[in-house]
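Database features, via TrEMBL:
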type     : residues : note
DOMAIN   : 96-190   : domain 'Late embryogenesis abundant protein LEA-2 subgroup'
TRANSMEM : 41-63    : transmembrane segment
Amino acid sequence: MSKQGLRDSSVPYIPLPQNPNHQNVIVSLVYYHRPYQTNHYLRRGVIFAGVLLLLSATILFFYPSDPILKLARIRLNHVGVISSPKLTIDLSFSLTISVRNRDFFSLDYEKLVVSVGYRGKELGVVNSEGGRVRARGRSYVNATLDLNGFEVVHDVIYLIEDWAKGVIPFDTTTKVNGVLGLCFLKIPLKV
C-alpha cells in the first residue's frame, strides 16, 4: 500500500500529544482461582477424612475382645477324700462351656490347659483336647476340671465368704496350642 492509501484508510490516525506531564498507566489483570484447584484441596481433605474414618472402623471391628463364657453343663466324675496330713478333697468334673465369641477371629485349638488358683494357691487344672471356637458365634467346649488337694476347712470358709459378696476371685493361667483364623488367613498360635 502506498502512503496515499494509508491516509485514506478508514482508521483515523491521531498523533500522541507531546505533553511532558504524561502519566504512566499500569494495566493489571485480575487473577481468578481456577475452580478445579479449590475443589482439588477440598476433595483431598474429604478423601483423607474418609480413609481415616475407614481405618478407625476397621481397627474397632478387628480389635479383640473378651469372649463371654457360661457353664452349660457340669457332671461329677470322681470324688476322693484324703485325711492325712490334712483333710483334703480331690474332685474331677466334666464341663461343657458355652463360649460366645464376638470377634472376627476363630480359634482351632489342639490343646487348651487352664490352671485355676484361688487366693494364691493352685486348686486344679482344666484340660480340653481339641476343639473350635467359631468367629462371631457361639461354640460349646468340652473340658475336664481336676481339683486336687482342696482343703475343706481353710478354703470353704473363704469360698463361702466370697460367694456371699457375689464375686469369687479365681486366678487363671491359660496355655493354648492351635491356629488363629481371620477370614482366609491361618496364623499358628502357641501361647
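Backbone N, Cα and C atoms are what each Cβ position is placed from, and that goes for glycine too.
Remember, predicted model here, so these are calculated numbers, not experimental data.
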Let's see if you can do this one: DSSP helix, strand and coil counts over the domain 'Late embryogenesis abundant protein LEA-2 subgroup' (96-190), in that order.
14 helix, 67 strand, 14 coil
Same-chain residues near the transmembrane segment (41-63), Cβ under 8 Å, at least 6 residues beyond its ends:
103-104, 182
Mean pLDDT across the domain 'Late embryogenesis abundant protein LEA-2 subgroup' (96-190), rounded to an integer, is what?
79
